[in-house]
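S.K.: Please see the structure below; I have some questions.
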Amino acid sequence: MALVSVAPMASRSCLHKSLSSSAHELKTICRTIPTLGMSRRGKSATPSMSMSLTTTVSDDGVQRRMGDFHSNLWNDDFIQSLSTSYGEPSYRERAERLIGEVKKMFNSMSSEDGELISPHNDLIQRVWMVDSVERLGIERHFKNEIKSALDYVYSYWSEKGIGCGRESVVADLNSTALGFRTLRLHGYAVSADVLNLFKDQNGQFACSPSQTEEEIRSVLNLYRASLIAFPGEKVMEEAEIFSAKYLEESLQKISVSSLSQEIRDVLEYGWHTYLPRMEARNHIDVFGQDTQNSKSCINTEKLLELAKLEFNIFHSLQKRELEYLVRWWKDSGSPQMTFCRHRHVEYYTLASCIAFEPQHSGFRLGFAKACHIITILDDMYDTFGTVDELELFTAAMKRWDPSAADCLPEYMKGVYLILYDTVNETSREAEKAQGRDTLDYARRAWDDYLDSYMQEAKWIATGYLPTFAEYYENGKVSSGHRTSALQPILTMDIPFPPHILKEVDFPSKLNDLASAILRLRGDTRCYKADRARGEEASSISCYMKDNPGATEEDALDHINAMISDVIRGLNWELLNPNSSVPISSKKHVFDISRAFHYGYKYRDGYSVANIETKSLVRRTVIDPVTL
């Protein structure tokens, strides 16, 4: 029922005993629960490739439900066989030289007597340059230059938008749409009302019958801008509908080219599921083929070479991190947990697609570990464990003492220890980054998370179908967004003092909305499979219960409308120009939401690693780009 957040739930003792019970008391209780004869070490079994539910009788005679998920697709031998030469110093040295040359391009644009620009193109050149380095995944090297360029553009921004240059007589759609999008993404206060200026006398966005390449590119940037909508911005919704239709029609008319591929990519992934490293990989292909780029007075060949080098240099780091992650997975005893899914490589891929700065290794590995543990817990609480066992496990985890594991069924001991060890380990990493101990904070998040799972396990066991409100509030917790995000972001070189942390973690609106979208989107992709496994409660079924006569289609329409509203709310929480919290402090929580959203874009990409999931792993982690 859950995938991989958490808001406080009412405190309750699942054992109807004080959580301060001694280890002796817990051992007395646990004697009534037999073990399964499973150990933490040994060779992994290979589950079926299907997603059906099976039942199995353990050696203690307990009949258990078990999801028949496929096994880990990326075995140790395969990971160890990966090779790369891009970790050699010569590649880093070449990249550093190119970084210096690109900085000179930025600086030349800022010079009064610069050769690259004129008063007739100085605005679009700056915006295009910023947009290009961001889409190519190399913006981290040019933060000061980007700010300087956008400050300049914003100084000429007006309620009528901008033209190509500061001396342009009228604003044009391409410059205004791309400028609006880029400025908004960087926290500048720009109103969507500026787009109304590009409507005709009938209130419709105007276009020509011929659909020239220049116009198509302008509408493409209008579409990209429309996806960064805030709540209540009707013109952005209108722009999205118009531009999506226009671009789909244009694909039927233009020849196969870099432009057509760029349109397909943007229509396919939008913004909320277009993960930065995936976009960089795709844009490298498009950027290298785009003949329009060669007309620019900016040296695009150097931009492209730098993007390729940076992609491959990070690829060499990914190989080392993957090798470490696979060793951790094996040493933790995870392969012996045959009742659950093993998607640690896929989770690492998502992390490396949203945080590919070399120094954020702790974030990538911490996220992959947390999500792996969450998936184990999901399968244990939803299918494999009995209610009595799960109550015992929940109470034992709240004691946060390794001796509490002694009273657990054998298969639960491994789960307890991997959670206990990993949370403690990540807390030590977070303490180095934040300068304070955050373990108690993390423990409370995990306690609330397990309480939400326990609630769902009882619903399954009793066949209770909650109201939508009951389900939704608990489901935002059990979605796992908070527990997957909290500790990993604390390992980063971004300060999270308490007053900032409360604005990105619980009880912030950002955390609530990010958790909501994971719960709602997950339900739209999983509810049928969950129902087949005996997990009736979902936002779809609960909505239908609350609204007698409503069909599944009605429920899905309602949930999808909620998702659209949540997305706009998330945009606002991230980009609100009046917020006291820097975008950099919120961005990774927001991007984790995007990563999970991508996993559910087509179907449940976590239970079954579909073609799109495997392609993402290969294109962003396994295969380098050709220089």
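For all residues, glycine too, the Cβ spot is worked out from N, Cα and C.
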S.K.: Taking 198-202, 298-302, 378-382, 493-497 as the choices, which stretch does Swiss-Prot tie to motif 'DDXXD motif'?
M.R.: 378-382
S.K.: Counting by DSSP, what is the helix, strand and coil composition of the motif 'DDXXD motif' (378-382)?
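M.R.: The counts are 5 helix, 0 strand, 0 coil.
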S.K.: For ASP382 (Mg(2+) 2 binding site) and ASP530 (Mg(2+) 3 binding site), determine the Cα separation and express it in whole Å.
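M.R.: Rounded to the nearest whole number, the Cα-Cα distance is 9 Å.
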S.K.: Any idea what the Cα distance is from ASP530 (Mg(2+) 3 binding site) over to ASP378 (Mg(2+) 2 binding site), rounded to a whole Å?
M.R.: 12
S.K.: When DSSP states are folded down to helix, strand and coil, where does ASP530 (Mg(2+) 3 binding site) land?
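M.R.: DSSP call for ASP530 (Mg(2+) 3 binding site): helix.
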S.K.: Once the chains shown are all counted, how many other Cβ atoms turn up within 10 Å of the Cβ of ASP382 (Mg(2+) 2 binding site)?
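M.R.: That number is 23.
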